[in-house]
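Structure first, then comments.
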Amino acid sequence: MPKHEFSVDMTCEGCAEAVSRVLNKLGGVEFNIDLPNKKVCIDSEHSSDTLLATLNKTGKAVSYLGPK
């Protein structure tokens with residue numbers, strides 16, 4: 001599966017849980033949340049645009065860092 005890395009403005013465990021919730025709802029993803037560095041690495045066949053739109057549902061500032 002392709003890996004994608006995103007920067008997400010997460011400040012606490014609650015922020016990380018919000019990211020987990022939207023990604024689990026999307027389905028077809030495996031992900032790792034790096035809260036101290038505010039990064040989310042996602043393994044998924046979904047497009048980076050789909051993943052970005054999904055992460056934007058958290059209300060946090062999100063940017064696509066590129067393939068990993």
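Numbers run from 1 along the shown chain.
Each residue, glycine too, has its Cβ placed from N, Cα and C.
Small disclaimer: the values here were computed from a predicted structure and weren't measured.
Swiss-Prot marks one residue of K38, K60 with the annotation N6-acetyllysine, and that residue is K60. Note: the CA-CA distance between K60 (N6-acetyllysine) and C15 (Cu cation binding site) rounds to 8 Å. Cα to Cα, C15 (Cu cation binding site) and S47 (phosphoserine) are separated by 23 Å.
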